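Read the structure below first, then the notes.
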Amino acid sequence: MAGYKADDEYDYLFKLVLIGDSGVGKSNLLSRFTRNEFNLESKSTIGVEFATKSLNIDGKVIKAQIWDTAGQERYRAITSAYYRGAVGALLVYDVTRSTTFETAGRWLKELRDHTDPNIVVMLIGNKSDLRHLVTVSTEDGKAFAEKESLYFMETSALEATNVENAFSEVLTQIYRIVSKRAVEAGDRPSTSVVPSQGQTINVNEDSSVLNRYRCCSN
């Protein structure tokens, strides 16, 4: 799945959100995916920021608009605007901090409260490079993903392990849902899901795609 550099030309624009506790590595996952950068001194995100990257999927240029916000409670006031229009999410926890995994259910509930319940969600166990410090096993991550019908990967933003794969898988699944619905409807779907367009892509009519647990950690 190749990257695509002409950022102003695309066939589809999908909004993704990064969620999870502060300090789990959301910002570094974003910078690794969009700019291939990692910052050891990365501080907690203040407010909201987003970045974009385009990929070529099945011959179509898919532009991802990925939003990142701090996980700290005092920023919860931005919740509604943050989630609005999102068709995919990466729910991130730190494999070395079990408390960040324990809050995953709360983050998932909040996500589903503000979006379609069948939004494409990838559960991410980040910082897999810190193998000697792991407190959340791969099996625990898989079990939670299976229970909640999520996709699952373990990543390392530091070592760039599975970062591209995780984002690409989410975008691919969204595109497949949109494409299938377009074929069934006999027309071409809207290319944009940006909130200002007043349009969202409703994925609940093809929930069977999401209700199959898929482990992507290999």
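Cβ from N, Cα, C; glycine included.
Because the structure is a prediction, the values reported are computed rather than measured.
Range with Swiss-Prot annotation motif 'Effector region', chosen from 33-41, 42-50, 123-131, is 42-50.
For the recorded site, Lys26 (GTP binding site), the DSSP three-state label reads helix. Set side by side, the binding-site residues Thr69, Ser128 differ in how many other CB atoms lie within 10 angstroms of their CB, and the most is found at Thr69.
Cβ-based neighbour count (10 Å, all protein chains) for Gly20 (GTP binding site) stands at 24. Lys26 (GTP binding site) has a Cβ environment of 28 other Cβ atoms inside 10 Å. In this view, Gly23 (GTP binding site) is surrounded by 17 other Cβ atoms within 10 Å of its Cβ, with every protein chain counted.
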